[in-house]
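Notes follow once the structure below has been shown.
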Amino acid sequence: AIAAIIIFLILFTIFGNALVILAVLTSRSLRAPQNLFLVSLAAADILVATLIIPFSLANELLGYWYFRRMWCKVYLALDVLFCTSSIVHLCAISLDRYWAVSRALEYNSKRTPRRIKCIILMVWLIAAVISLPSLVYKGDQGPQPSGAPQCNLNQETWYILASSIGSFFAPCLIMILVYLRIYLIAKRSHCRGPRAKGAPGKSKFKQSRQVPGGTLASAKVPNLAAHLVAAGETNGRSKPTGEKEMGETPEDSGTSTLPPSWPALPNSGQDQKEGICEASLEEEAEEEEEGEEEREEECEPQALPASPASACSPPLQQPQGSQVLATLRGQVLLGRAAGAASGQWWRRRTQLSREKRFTFVLAVVIGVFVLCWFPFFFSYSLGAICPQQCKVPHDLF
């Protein structure tokens, strides 16, 4: 029964990892450089299933090493090599996730296939260094039953502890710390949201909406009503185009006026009243980003200028990339600024969201993998620390 289960696991491992390699190599959407880690990891698992597990199963069922002595040394070295490579691959993937989440735009520009291949090569070199002593140094292999050749790893305490730390405990500690750091970054980003000071793409202008009274007004234009009211004085006289307002800020002086080709506001008379809403930019920006309902203040009726040209005289603050239109009913439409900084910020936000989802999936996979390996390495190390008092039963091991 145990042999049948092991054979099924061997076939399942080969088939599943072959599908992973085939999917990454054939699917255009999976040809990202970081997926090369999955190809190398799947190759290591296939090598474990084909070159290690069958011989381990035969050794357990027969009770002795049936094959040649030279193959025993190669088998032990490959066992440590492939298993260590599999674990260190997961450690490298976790570091790649951390760099992608903490430095999304900067790291993604450096995440080239050449760089990923160099990291994979380093992973295999680390695994080779850890597995080399079992090939060149025989050491103490423990008691050997008479007439029954055995194939065991070096039983010396220093080798057991060194190989266990290098193959499992050190990579496991790195993975735990890295994923803890990723969790803290995600939690801080979720609590802060896009409200970070100086975040690119945070525009002060928003698409206009209909307000009571049939008038369109922008909720994100600071002091819009003050500009329009100041333009039309009680005598109906408009200022010259190039003249500045009293108390005009330096920011206002650098902005341009509406082009003359745009439709002008109609002459609606001195007594015509329209509702123009004044809203605080800071309060509404905070409420919008915290997910709360946007608060609107009651509209105060203000007199529109009697002269059509007077509405175009005062300069409106218009950021680069925004749209300002004047309709036939005298309604001002302000579009959201869509500059390069805004696009960069949204690309970073999308990239972070995708990396966090992928990180969660990998955290589950790595967690299961660590739980499967921990009992073996714990009992293996425990037997070296206290071989007599803490001896683990052979069947359990």
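Positions of Cβ are set from backbone N, Cα and C atoms, glycine also.
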Legend entry - Candidates Cys91, Cys118, Cys151 - disulfide partner of Cys72 as recorded in Swiss-Prot: Cys151
Legend entry - Membrane side match, Thr26 / Arg347, Swiss-Prot record: yes
Legend entry - Paired segments the transmembrane segment (362-385) and the transmembrane segment (1-25) in contact, 3+ CB pairs under 8 A: no
Legend entry - Winner by Cβ pairs under 8 Å against the transmembrane segment (118-140), considering only 1-25, 37-62, 73-95, 157-180: 73-95
Inset, instruction - Give me the Cα-Cα distance between Ser167 (site 'Implicated in catechol agonist binding') and Cys151 (disulfide bond), rounded to a whole Å. - result: 20
Legend entry - Cα distance (Å, whole number) from Cys151 (disulfide bond) to Ser163 (site 'Implicated in catechol agonist binding'): 17
